[in-house]
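Here is what TrEMBL records for this protein:
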{"type": "BINDING", "residues": "Gly92, Asp93, Pro94, Gly95, Ile96, Gly97, Lys98, Ser99", "note": "ATP binding site"}
{"type": "DOMAIN", "residues": "63-212", "note": "domain 'RecA family profile 1'"}
{"type": "REGION", "residues": "348-451", "note": "region 'Lon-protease-like'"}
{"type": "MOTIF", "residues": "249-253", "note": "motif 'RadA KNRFG motif'"}
Amino acid sequence: MKQTTSFTCTVCGTAYRKWAGKCDACGGWNTIVEEAPLSTGPRSLGAKGRPIPLSDLATEEAPPVRASSGLEELDRVLGGGLVPASAILVGGDPGIGKSTLLLQAAASFARKGLKCIYISGEEASTQVRMRAQRLGLTDARVALGAETNLRDILTTLDAERPALAIIDSIQTMWLDSVEAAPGSVSQVRAAAHELVTFAKRRGVAIVLVGHVTKDGQIAGPRVVEHMVDTVLYFEGERGHQFRILRAVKNRFGPADEIGVFEMTGGGLAEVPNPSALFLANRDQPAPGSAVFAGIEGTRPVLTEIQALVAPSTLASPRRTVVGLDPGRVSTILAVLEARCGIPFAGLDVFLNVAGGLRVSEPAADLAVAGALLSAREDVAIPPDMVLFGEISLSGALRPVGQTENRLKEASKLGFSQATVPSHSKFEGAAGLTVRQMADLTAFVGEMFGAG
Ligand SMILES: [Zn+2]
(Lines of atoms letter the chains of each structure in order from A and count residues from 1; the text may use other names and numbers.)
(Lines give C-alpha, C1' and ligand atoms only; values in the text may rest on other atoms or scores of the structure.)
Protein backbone atom coordinates (compact mmCIF):
# COMPACT_ATOMS: atom_id res chain seq x y z
CA MET A 1 0.00 0.00 0.00
CA LYS A 2 1.35 3.41 -0.94
CA GLN A 3 1.86 5.63 2.07
CA THR A 4 1.15 9.25 1.19
CA THR A 5 2.03 12.05 3.53
CA SER A 6 -0.52 14.73 4.22
CA PHE A 7 -0.35 18.29 5.44
CA THR A 8 -2.33 19.57 8.39
CA CYS A 9 -2.92 23.00 9.91
CA THR A 10 -1.71 22.89 13.52
CA VAL A 11 -4.19 25.55 14.63
CA CYS A 12 -7.48 24.34 13.18
CA GLY A 13 -6.65 20.81 12.02
CA THR A 14 -7.68 21.23 8.37
CA ALA A 15 -5.98 18.66 6.13
CA TYR A 16 -4.32 19.61 2.83
CA ARG A 17 -2.77 17.54 0.04
CA LYS A 18 -0.06 20.10 -0.63
CA TRP A 19 1.89 22.45 1.57
CA ALA A 20 0.78 26.08 1.55
CA GLY A 21 1.98 29.17 3.37
CA LYS A 22 -1.49 30.16 4.52
CA CYS A 23 -4.34 28.08 5.89
CA ASP A 24 -7.54 28.92 3.98
CA ALA A 25 -9.71 27.63 6.79
CA CYS A 26 -8.43 29.74 9.69
CA GLY A 27 -6.25 32.29 7.90
CA GLY A 28 -3.11 31.35 9.89
CA TRP A 29 0.29 31.84 8.28
CA ASN A 30 2.96 29.14 8.46
CA THR A 31 0.69 26.86 10.44
CA ILE A 32 0.63 23.98 7.93
CA VAL A 33 3.05 21.13 8.61
CA GLU A 34 3.74 17.77 7.04
CA GLU A 35 2.29 14.86 8.97
CA ALA A 36 2.94 11.15 8.71
CA PRO A 37 -0.37 9.38 8.08
CA LEU A 38 -2.03 7.67 11.03
CA SER A 39 -1.90 3.90 10.85
CA THR A 40 -5.22 2.44 9.79
CA GLY A 41 -4.47 -0.74 11.76
CA PRO A 42 -4.02 -4.27 10.48
CA ARG A 43 -6.07 -5.01 7.41
CA SER A 44 -8.51 -7.77 8.24
CA LEU A 45 -9.57 -8.90 4.79
CA GLY A 46 -11.42 -12.19 4.93
CA ALA A 47 -11.63 -12.24 8.72
CA LYS A 48 -15.20 -11.97 9.98
CA GLY A 49 -16.20 -9.59 12.78
CA ARG A 50 -18.59 -10.65 15.49
CA PRO A 51 -22.18 -9.40 15.50
CA ILE A 52 -22.90 -6.49 17.80
CA PRO A 53 -26.04 -6.29 19.99
CA LEU A 54 -28.70 -3.90 18.68
CA SER A 55 -31.54 -2.27 20.58
CA ASP A 56 -34.77 -0.56 19.52
CA LEU A 57 -35.72 3.10 19.86
CA ALA A 58 -38.07 2.47 22.79
CA THR A 59 -35.28 1.27 25.09
CA GLU A 60 -35.22 3.66 28.03
CA GLU A 61 -31.85 5.05 28.95
CA ALA A 62 -31.41 6.40 32.49
CA PRO A 63 -29.91 9.92 32.59
CA PRO A 64 -26.21 9.89 33.52
CA VAL A 65 -25.40 10.09 37.21
CA ARG A 66 -23.48 13.32 37.67
CA ALA A 67 -20.94 14.09 40.34
CA SER A 68 -21.08 17.58 41.77
CA SER A 69 -17.86 19.43 42.54
CA GLY A 70 -19.49 21.85 44.95
CA LEU A 71 -18.17 24.66 42.73
CA GLU A 72 -21.45 25.90 41.28
CA GLU A 73 -19.87 27.84 38.41
CA LEU A 74 -17.97 24.73 37.27
CA ASP A 75 -20.91 22.34 37.68
CA ARG A 76 -23.16 24.61 35.62
CA VAL A 77 -20.70 24.74 32.71
CA LEU A 78 -20.40 20.94 32.81
CA GLY A 79 -24.18 20.74 32.40
CA GLY A 80 -24.93 19.97 36.05
CA GLY A 81 -21.85 18.05 37.14
CA LEU A 82 -19.24 15.58 35.99
CA VAL A 83 -20.52 12.68 33.86
CA PRO A 84 -18.63 9.39 34.32
CA ALA A 85 -16.76 8.02 31.29
CA SER A 86 -16.79 11.42 29.59
CA ALA A 87 -13.93 13.24 27.91
CA ILE A 88 -13.61 16.96 28.50
CA LEU A 89 -11.24 19.36 26.78
CA VAL A 90 -10.28 22.56 28.60
CA GLY A 91 -8.58 25.00 26.24
CA GLY A 92 -7.15 28.44 26.85
CA ASP A 93 -4.17 30.72 26.40
CA PRO A 94 -0.99 29.70 28.23
CA GLY A 95 -0.80 31.33 31.66
CA ILE A 96 -4.51 32.14 31.88
CA GLY A 97 -4.96 29.87 34.95
CA LYS A 98 -6.07 26.50 33.53
CA SER A 99 -3.81 24.51 35.87
CA THR A 100 -5.02 26.51 38.88
CA LEU A 101 -8.66 25.96 37.92
CA LEU A 102 -8.22 22.23 37.35
CA LEU A 103 -6.21 21.67 40.52
CA GLN A 104 -8.99 23.42 42.45
CA ALA A 105 -11.59 21.34 40.59
CA ALA A 106 -9.71 18.10 41.37
CA ALA A 107 -9.53 19.08 45.04
CA SER A 108 -13.27 19.87 45.11
CA PHE A 109 -14.18 16.54 43.53
CA ALA A 110 -11.78 14.72 45.89
CA ARG A 111 -13.42 16.38 48.90
CA LYS A 112 -16.74 15.03 47.60
CA GLY A 113 -15.27 11.54 47.73
CA LEU A 114 -14.18 11.05 44.12
CA LYS A 115 -10.85 9.42 43.43
CA CYS A 116 -8.83 11.97 41.45
CA ILE A 117 -5.50 11.73 39.69
CA TYR A 118 -3.68 14.77 38.34
CA ILE A 119 -1.00 14.04 35.74
CA SER A 120 1.28 16.94 34.91
CA GLY A 121 3.43 16.79 31.81
CA GLU A 122 4.52 20.40 32.19
CA GLU A 123 5.66 20.68 35.79
CA ALA A 124 7.31 18.43 38.36
CA SER A 125 5.13 17.08 41.17
CA THR A 126 6.85 19.43 43.63
CA GLN A 127 5.73 22.46 41.60
CA VAL A 128 2.14 21.21 41.52
CA ARG A 129 2.32 20.51 45.27
CA MET A 130 3.64 24.02 45.93
CA ARG A 131 0.73 25.47 43.98
CA ALA A 132 -1.67 23.30 46.00
CA GLN A 133 -0.14 24.67 49.20
CA ARG A 134 -0.52 28.24 47.98
CA LEU A 135 -4.17 27.55 47.16
CA GLY A 136 -4.82 25.79 50.49
CA LEU A 137 -5.72 22.48 48.88
CA THR A 138 -3.27 20.15 50.63
CA ASP A 139 -6.03 18.47 52.66
CA ALA A 140 -7.69 17.13 49.49
CA ARG A 141 -6.78 13.59 48.50
CA VAL A 142 -5.58 14.15 44.94
CA ALA A 143 -2.90 11.79 43.63
CA LEU A 144 -0.19 13.55 41.63
CA GLY A 145 1.97 12.22 38.83
CA ALA A 146 4.53 13.87 36.57
CA GLU A 147 4.81 11.95 33.30
CA THR A 148 4.54 12.42 29.56
CA ASN A 149 4.72 8.80 28.33
CA LEU A 150 1.12 7.90 27.60
CA ARG A 151 1.67 4.15 27.78
CA ASP A 152 2.90 4.48 31.38
CA ILE A 153 0.08 6.87 32.26
CA LEU A 154 -2.61 4.53 30.87
CA THR A 155 -1.11 1.56 32.75
CA THR A 156 -1.22 3.61 35.97
CA LEU A 157 -4.79 4.79 35.39
CA ASP A 158 -5.86 1.24 34.58
CA ALA A 159 -4.42 -0.02 37.86
CA GLU A 160 -5.70 2.88 40.00
CA ARG A 161 -9.16 3.26 38.36
CA PRO A 162 -9.82 6.86 39.42
CA ALA A 163 -13.21 8.53 38.86
CA LEU A 164 -11.46 11.56 37.35
CA ALA A 165 -8.09 11.93 35.66
CA ILE A 166 -6.68 15.30 34.59
CA ILE A 167 -4.04 15.37 31.87
CA ASP A 168 -2.12 18.67 31.88
CA SER A 169 -1.46 19.13 28.98
CA ILE A 170 -2.36 17.03 25.94
CA GLN A 171 0.43 18.75 23.97
CA THR A 172 3.15 17.26 26.21
CA MET A 173 1.90 13.66 25.93
CA TRP A 174 3.50 11.22 23.52
CA LEU A 175 2.80 7.71 22.31
CA ASP A 176 5.79 5.55 21.39
CA SER A 177 3.82 4.02 18.50
CA VAL A 178 3.60 7.36 16.68
CA GLU A 179 6.70 8.62 14.92
CA ALA A 180 6.29 12.34 15.49
CA ALA A 181 7.41 14.87 18.05
CA PRO A 182 5.22 15.60 21.11
CA GLY A 183 2.92 18.52 20.33
CA SER A 184 2.64 17.65 16.63
CA VAL A 185 -0.80 17.12 15.15
CA SER A 186 -0.33 13.33 14.87
CA GLN A 187 0.89 12.94 18.46
CA VAL A 188 -1.80 15.18 19.95
CA ARG A 189 -4.54 13.43 17.98
CA ALA A 190 -3.27 9.93 18.74
CA ALA A 191 -2.79 10.69 22.45
CA ALA A 192 -6.26 12.23 22.70
CA HIS A 193 -7.76 9.25 20.87
CA GLU A 194 -6.11 6.80 23.30
CA LEU A 195 -7.29 8.76 26.34
CA VAL A 196 -10.86 9.18 25.06
CA THR A 197 -11.09 5.47 24.24
CA PHE A 198 -9.76 4.65 27.69
CA ALA A 199 -12.34 6.96 29.30
CA LYS A 200 -15.21 5.19 27.50
CA ARG A 201 -13.94 1.66 28.12
CA ARG A 202 -12.99 2.05 31.78
CA GLY A 203 -15.67 4.53 32.91
CA VAL A 204 -13.13 7.19 33.89
CA ALA A 205 -13.89 10.87 33.34
CA ILE A 206 -10.88 12.44 31.66
CA VAL A 207 -10.03 16.13 31.40
CA LEU A 208 -7.52 17.15 28.73
CA VAL A 209 -5.83 20.52 29.08
CA GLY A 210 -4.97 22.16 25.76
CA HIS A 211 -2.98 25.35 25.27
CA VAL A 212 -4.21 27.63 22.53
CA THR A 213 -1.24 28.19 20.25
CA LYS A 214 -0.59 31.11 17.96
CA ASP A 215 2.19 29.70 15.77
CA GLY A 216 2.48 26.44 13.88
CA GLN A 217 5.00 24.66 16.13
CA ILE A 218 2.47 23.00 18.43
CA ALA A 219 -0.99 21.67 17.58
CA GLY A 220 -3.78 23.59 19.25
CA PRO A 221 -6.81 22.21 21.11
CA ARG A 222 -9.05 22.61 18.07
CA VAL A 223 -7.53 19.55 16.41
CA VAL A 224 -9.07 17.30 19.12
CA GLU A 225 -12.39 19.14 19.68
CA HIS A 226 -14.32 16.61 17.59
CA MET A 227 -13.09 13.63 19.68
CA VAL A 228 -14.32 14.74 23.09
CA ASP A 229 -17.80 15.04 24.62
CA THR A 230 -17.37 18.49 26.11
CA VAL A 231 -15.24 21.44 25.03
CA LEU A 232 -14.65 24.24 27.51
CA TYR A 233 -12.60 27.37 26.91
CA PHE A 234 -11.10 29.36 29.73
CA GLU A 235 -10.99 33.02 28.71
CA GLY A 236 -9.97 36.32 30.18
CA GLU A 237 -7.72 39.28 29.64
CA ARG A 238 -4.41 39.25 31.45
CA GLY A 239 -5.04 42.74 32.84
CA HIS A 240 -8.44 41.77 34.28
CA GLN A 241 -8.96 39.71 37.36
CA PHE A 242 -11.90 37.73 36.08
CA ARG A 243 -11.97 34.61 34.01
CA ILE A 244 -14.78 32.97 32.10
CA LEU A 245 -15.17 29.24 31.58
CA ARG A 246 -17.32 28.79 28.49
CA ALA A 247 -18.86 25.57 27.15
CA VAL A 248 -18.64 25.62 23.35
CA LYS A 249 -19.73 21.99 22.95
CA ASN A 250 -21.42 19.69 25.43
CA ARG A 251 -23.01 16.33 24.67
CA PHE A 252 -24.41 16.22 28.21
CA GLY A 253 -25.72 19.73 28.67
CA PRO A 254 -26.38 23.10 27.08
CA ALA A 255 -23.54 24.72 25.12
CA ASP A 256 -22.84 28.45 25.56
CA GLU A 257 -23.13 28.16 29.33
CA ILE A 258 -20.56 30.24 31.21
CA GLY A 259 -18.99 30.12 34.65
CA VAL A 260 -17.42 33.29 36.02
CA PHE A 261 -14.39 33.26 38.31
CA GLU A 262 -12.23 35.93 39.84
CA MET A 263 -8.47 35.48 40.11
CA THR A 264 -7.48 36.15 43.71
CA GLY A 265 -4.38 35.53 45.81
CA GLY A 266 -5.93 32.30 47.04
CA GLY A 267 -6.76 31.01 43.56
CA LEU A 268 -9.94 31.31 41.53
CA ALA A 269 -13.03 32.41 43.43
CA GLU A 270 -16.54 31.87 42.11
CA VAL A 271 -18.56 34.90 41.05
CA PRO A 272 -22.21 34.02 41.69
CA ASN A 273 -23.56 37.34 40.40
CA PRO A 274 -21.55 38.31 37.29
CA SER A 275 -23.75 41.28 36.34
CA ALA A 276 -22.85 43.08 39.55
CA LEU A 277 -19.17 42.42 38.84
CA PHE A 278 -19.26 43.57 35.21
CA LEU A 279 -21.07 46.77 36.13
CA ALA A 280 -19.25 47.36 39.42
CA ASN A 281 -16.77 49.97 38.20
CA ARG A 282 -19.14 51.98 36.07
CA ASP A 283 -18.21 55.61 35.83
CA GLN A 284 -20.58 58.56 35.99
CA PRO A 285 -23.07 58.67 33.08
CA ALA A 286 -20.91 59.44 30.08
CA PRO A 287 -21.54 59.56 26.36
CA GLY A 288 -20.63 56.31 24.60
CA SER A 289 -21.84 53.91 27.26
CA ALA A 290 -24.83 51.58 26.98
CA VAL A 291 -25.86 48.72 29.27
CA PHE A 292 -26.79 45.53 27.46
CA ALA A 293 -29.06 42.99 29.14
CA GLY A 294 -27.71 39.75 27.66
CA ILE A 295 -28.16 36.04 28.16
CA GLU A 296 -25.15 33.77 28.58
CA GLY A 297 -26.22 30.15 28.44
CA THR A 298 -29.16 29.90 30.80
CA ARG A 299 -28.69 33.03 32.85
CA PRO A 300 -28.93 36.77 32.25
CA VAL A 301 -25.73 38.83 32.42
CA LEU A 302 -25.63 42.62 32.21
CA THR A 303 -22.62 44.22 30.56
CA GLU A 304 -21.57 47.70 29.57
CA ILE A 305 -20.82 48.41 25.89
CA GLN A 306 -18.42 51.33 25.51
CA ALA A 307 -17.84 53.31 22.34
CA LEU A 308 -15.49 56.11 21.39
CA VAL A 309 -15.88 58.00 18.11
CA ALA A 310 -13.23 60.51 17.05
CA PRO A 311 -12.26 62.32 13.83
CA SER A 312 -9.79 60.26 11.86
CA THR A 313 -6.66 61.32 10.07
CA LEU A 314 -6.51 58.04 8.15
CA ALA A 315 -7.76 57.37 4.64
CA SER A 316 -9.61 54.31 5.95
CA PRO A 317 -10.65 55.13 9.52
CA ARG A 318 -9.99 52.71 12.38
CA ARG A 319 -12.59 50.16 13.47
CA THR A 320 -11.20 48.69 16.68
CA VAL A 321 -13.60 46.19 18.23
CA VAL A 322 -12.91 44.18 21.40
CA GLY A 323 -15.35 41.58 22.74
CA LEU A 324 -17.84 41.87 19.86
CA ASP A 325 -18.01 40.43 16.35
CA PRO A 326 -16.36 43.04 14.05
CA GLY A 327 -18.54 41.92 11.10
CA ARG A 328 -21.66 42.56 13.14
CA VAL A 329 -20.39 46.01 14.11
CA SER A 330 -19.71 46.88 10.43
CA THR A 331 -23.29 45.86 9.60
CA ILE A 332 -24.69 48.11 12.36
CA LEU A 333 -22.57 51.04 11.12
CA ALA A 334 -23.85 50.43 7.57
CA VAL A 335 -27.49 50.28 8.73
CA LEU A 336 -27.04 53.53 10.72
CA GLU A 337 -25.67 55.22 7.62
CA ALA A 338 -28.10 53.81 5.04
CA ARG A 339 -31.36 53.78 7.04
CA CYS A 340 -30.90 56.65 9.50
CA GLY A 341 -28.57 58.89 7.48
CA ILE A 342 -25.93 58.95 10.19
CA PRO A 343 -22.50 58.47 8.54
CA PHE A 344 -19.40 57.28 10.35
CA ALA A 345 -17.09 57.96 7.40
CA GLY A 346 -14.03 59.96 8.44
CA LEU A 347 -14.45 58.86 12.04
CA ASP A 348 -12.39 56.36 14.01
CA VAL A 349 -14.60 53.96 15.95
CA PHE A 350 -13.49 52.08 19.07
CA LEU A 351 -15.89 49.59 20.66
CA ASN A 352 -15.35 47.49 23.71
CA VAL A 353 -17.22 45.31 26.20
CA ALA A 354 -16.23 46.47 29.69
CA GLY A 355 -14.56 43.84 31.83
CA GLY A 356 -13.33 41.63 29.01
CA LEU A 357 -16.48 39.57 28.41
CA ARG A 358 -17.11 38.39 24.85
CA VAL A 359 -20.65 39.02 23.61
CA SER A 360 -21.83 37.08 20.56
CA GLU A 361 -25.62 37.49 20.79
CA PRO A 362 -27.33 39.47 17.98
CA ALA A 363 -29.48 40.86 20.82
CA ALA A 364 -26.55 43.18 21.59
CA ASP A 365 -27.12 45.12 18.32
CA LEU A 366 -29.32 47.79 19.86
CA ALA A 367 -26.92 48.42 22.76
CA VAL A 368 -24.02 48.65 20.28
CA ALA A 369 -25.97 51.13 18.13
CA GLY A 370 -26.90 53.03 21.29
CA ALA A 371 -23.28 53.28 22.44
CA LEU A 372 -22.12 54.36 18.94
CA LEU A 373 -24.80 57.05 18.59
CA SER A 374 -24.27 58.26 22.14
CA ALA A 375 -20.54 58.66 21.48
CA ARG A 376 -21.07 60.33 18.12
CA GLU A 377 -23.77 62.75 19.31
CA ASP A 378 -22.05 63.31 22.67
CA VAL A 379 -25.30 62.60 24.50
CA ALA A 380 -25.33 60.19 27.45
CA ILE A 381 -27.90 57.39 27.60
CA PRO A 382 -29.76 57.49 30.96
CA PRO A 383 -27.61 55.46 33.38
CA ASP A 384 -30.63 53.53 34.68
CA MET A 385 -31.54 52.17 31.21
CA VAL A 386 -30.81 48.77 29.65
CA LEU A 387 -31.07 48.06 25.92
CA PHE A 388 -31.42 44.94 23.84
CA GLY A 389 -32.74 43.91 20.42
CA GLU A 390 -31.57 42.65 17.08
CA ILE A 391 -31.21 45.09 14.16
CA SER A 392 -32.19 43.82 10.72
CA LEU A 393 -30.66 45.14 7.49
CA SER A 394 -33.85 47.13 6.85
CA GLY A 395 -33.30 48.98 10.12
CA ALA A 396 -36.23 47.23 11.82
CA LEU A 397 -35.78 46.04 15.42
CA ARG A 398 -36.47 42.35 15.95
CA PRO A 399 -37.57 40.92 19.29
CA VAL A 400 -35.16 38.49 20.96
CA GLY A 401 -35.66 35.52 23.29
CA GLN A 402 -35.93 35.59 27.08
CA THR A 403 -37.11 39.22 27.27
CA GLU A 404 -38.58 38.65 30.70
CA ASN A 405 -35.39 37.17 32.17
CA ARG A 406 -33.41 40.13 30.86
CA LEU A 407 -35.85 42.62 32.38
CA LYS A 408 -35.88 40.79 35.74
CA GLU A 409 -32.09 40.86 35.98
CA ALA A 410 -32.03 44.59 35.12
CA SER A 411 -34.65 45.28 37.78
CA LYS A 412 -32.70 43.24 40.35
CA LEU A 413 -29.62 45.40 39.71
CA GLY A 414 -31.51 48.66 40.19
CA PHE A 415 -32.24 49.68 36.60
CA SER A 416 -35.60 51.38 36.05
CA GLN A 417 -36.01 51.66 32.26
CA ALA A 418 -35.56 49.40 29.26
CA THR A 419 -35.62 49.99 25.51
CA VAL A 420 -36.65 46.91 23.55
CA PRO A 421 -38.01 46.04 20.08
CA SER A 422 -41.78 46.22 19.41
CA HIS A 423 -43.67 42.93 19.78
CA SER A 424 -41.25 41.70 22.46
CA LYS A 425 -42.91 38.95 24.48
CA PHE A 426 -43.03 39.39 28.24
CA GLU A 427 -45.64 39.03 30.95
CA GLY A 428 -44.48 41.48 33.57
CA ALA A 429 -42.05 44.35 33.20
CA ALA A 430 -40.56 43.63 36.67
CA GLY A 431 -41.16 47.23 37.75
CA LEU A 432 -39.33 48.71 34.76
CA THR A 433 -40.59 51.36 32.37
CA VAL A 434 -40.33 49.50 29.06
CA ARG A 435 -40.20 51.44 25.81
CA GLN A 436 -40.86 49.43 22.66
CA MET A 437 -39.40 50.65 19.36
CA ALA A 438 -40.30 49.44 15.86
CA ASP A 439 -37.11 50.49 14.11
CA LEU A 440 -33.74 52.17 14.45
CA THR A 441 -35.01 55.50 13.08
CA ALA A 442 -37.61 55.69 15.87
CA PHE A 443 -34.88 54.83 18.40
CA VAL A 444 -32.56 57.58 17.08
CA GLY A 445 -35.40 60.14 17.13
CA GLU A 446 -36.47 59.22 20.64
CA MET A 447 -33.05 59.00 22.24
CA PHE A 448 -31.04 61.60 20.38
CA GLY A 449 -33.67 63.81 18.82
CA ALA A 450 -32.30 63.35 15.31
CA GLY A 451 -32.63 61.00 12.35
ZN1 LIG B 1 -5.97 26.51 9.95
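Every residue gets a Cβ built from N, Cα and C, even glycine.
Neighbouring residues of the recorded ATP site, listed in sequence order and excluding Gly92, Asp93, Pro94, Gly95, Ile96, Gly97, Lys98, Ser99, comprise His211, Phe234 (Cβ within 8 Å of the Cβ centroid). In terms of DSSP secondary structure, the motif 'RadA KNRFG motif' (249-253) contains 0 helix, 2 strand, 3 coil. When Cβ atoms from all protein chains are considered, those within 10 Å of Gly97 (ATP binding site) total 17, not counting its own. According to DSSP, the secondary structure content of the domain 'RecA family profile 1' (63-212) in residues is 62 helix, 32 strand, 56 coil. Contacts of Pro94 (ATP binding site) defined by a Cβ separation under 8 A and a same-chain sequence distance of 6+ are given as His211, Val212, in order along the sequence. Per-site Cβ counts within 10 Å over the binding-site residues Gly92, Gly95 peak at Gly92. In sequence order, His211, Val212 are the residues of the chain that are 6 or more apart from Asp93 (ATP binding site) and have a CB within less than 8 Å of its CB.
Non-local neighbourhood of Ser99 (ATP binding site): Ser120, Glu122, Glu123, Val128, Arg131, Asp168, Val209, each in the same chain, at least six residues away, with C-beta under 8 Å from its C-beta. The Cβ of Ile96 (ATP binding site) lies under 8 Å from the Cβ of Phe234, Glu235, Gly236, Arg238, Arg243, each of these being in the same chain and 6 or more residues away along the sequence. The DSSP breakdown of the region 'Lon-protease-like' (348-451) into helical (H, G, I), extended (E, B) and coil residues amounts to 38 helix, 25 strand, 41 coil. The Cβ of Lys98 (ATP binding site) has 25 neighbouring Cβ atoms from other residues within 10 Å, across all protein chains displayed.
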